[in-house]
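J.: What follows is a single structure, and I will ask about it in a moment.
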Amino acid sequence: MEMVSKIACFVLLCMVVVAPHAEALTCGQVTAGLAPCLPYLQGRGPLGGCCGGVKGLLGSAKTTADRKTACTCLKSAANAIKGIDLNKAAGIPSVCKVNIPYKISPSTDCSTVQ
């Protein structure tokens with residue numbers, strides 16, 4: 001019985017050591033996930049797959065660091081991409097029926113995101 005306990009502990013230790021570490025969210029993932037929103041935000045097309053991308057992003061942003069990264073990336077994109085209707089951007093959470101813990105705006109203070 002003692003040998004079984006030792007083997008079980010060893011197996012558990014191996015599982016902890018080799019368990020994959022969660023990857024941090026990147027700006028590339030944020031922009032790729034929200035790319036379907038661009039035509040809508042620029043007034044060139046329907047909402048389309050935007051809500052799916054938003055929901056996928058919310059599912060990926062599990063930590064405070066991930067949410068801050070997403071906020072910073074969204075803020076940068078809002079400043080860099082010409083022709084974005086900021087009112088439509090701010091309305092995406094409502095339209096997609098999701099809760100984003102900050103306003104999608106170039107003026108958002110991402111350091112306060114939890």
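Count begins at 1; order follows the chain as displayed.
Just so you know, glycine gets a Cβ as well, placed from its N, Cα and C.
Found this in Swiss-Prot, in case it helps:
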type	residues	note
SIGNAL	1-23	signal peptide
DISULFID	Cys27-Cys73	disulfide bond
DISULFID	Cys37-Cys50	disulfide bond
DISULFID	Cys51-Cys96	disulfide bond
DISULFID	Cys71-Cys110	disulfide bond
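Are these features on the surface or tucked inside, and what touches them?
T.: Under DSSP, Cys73 (disulfide bond) is assigned to a helix (H, G or I) in the three-state scheme.
Annotation for Cys50 (disulfide bond): spatial neighbours Leu34, Pro36, Cys37, Tyr40, Ile92, Cys96, criterion Cβ-Cβ under 8 Å with sequence separation of six or more.
Counting only same-chain residues six or more apart in sequence, the Cβ atoms lying under 8 angstroms from the Cβ of Cys51 (disulfide bond) belong to Ile92, Val95, Cys96, Lys97, Val98. According to DSSP, Cys51 (disulfide bond) sits within a helical segment.
Non-local neighbourhood of Cys71 (disulfide bond): Tyr102, Thr108, Cys110, Val113, each in the same chain, at least six residues away, with C-beta under 8 Å from its C-beta.
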J.: Given the disulfide-bonded residues Cys27, Cys73, Cys110, and counting only Cβ atoms in the protein chains shown, which has the most within 10 Å of its Cβ?
T.: Cys73
J.: Using a 10 Å radius around each Cβ and all protein chains in view, which of these disulfide-bonded residues has the most neighbours: Cys37, Cys96?
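T.: Its Cβ has the most other Cβ atoms within 10 Å: Cys37.
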J.: Return one of helix, strand or coil for Cys96 (disulfide bond), based on DSSP.
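T.: DSSP assigns Cys96 (disulfide bond) to coil.
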